[in-house]
């Protein structure tokens with residue numbers, strides 16, 4: 001198990017745009033180790049997802065996955081998945097709001113509204129290509145993590161800063177994504 005340091009808001013790397021992963025990289029030992037390290041880091045931090053920029057790697061790589069967890073008792077599980085070079089297209093103007101958190105913004109959360117139905121095209125770690133319609137909580141998770149690849153944090157999407165604060169100060173029982 002190799003857990004990497006998660007960068008925190010204020011680190012300039014988190015504000016940079018990531019570059020695509022090439023198919024030639026997929027078979028390298030370095031790439032395979034990076035994917036394992038990302039999953040190890042995400043699980044160790046008890047997150048639902050992790051983007052490569054959060055560990056200082058400016059590549060278009062996201063890992064997601066969650067199981068039943070006391071930290072997220074009211075959210076559905078998210079299957080483990082490696083997402084490379086994602087393209088997200090909103091399919092509706094309807095939005096869903098969630099209290100989001102982020103491993104790069106520890107101890108805080110904010111209310112963010114996002115399109116509740118998206119089309120996502122991506123490649124996995126084997127080079128297989130996918131084109132899927134995604135909705136609900138899973139769409140929120142994917143959009144949150146993929147934002148990191150464009151240098152965007154969830155705090156940039158807050159519409160009302162009164163709905164942003166420390167976990168231990170905000171009312172309990174709100175859904176949190178991080």
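Each Cβ is built from the backbone N, Cα and C atoms, and glycine gets one as well.
Straight from Swiss-Prot, the features:
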- 102, 144, 148: Fe cation binding site (BINDING)
- 145: active site (ACT_SITE)
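The Cβ of residue 144 (Fe cation binding site) has 26 neighbouring Cβ atoms from other residues within 10 Å, across all protein chains displayed. In three-state terms derived from DSSP, residue 102 (Fe cation binding site) belongs to an extended strand segment.
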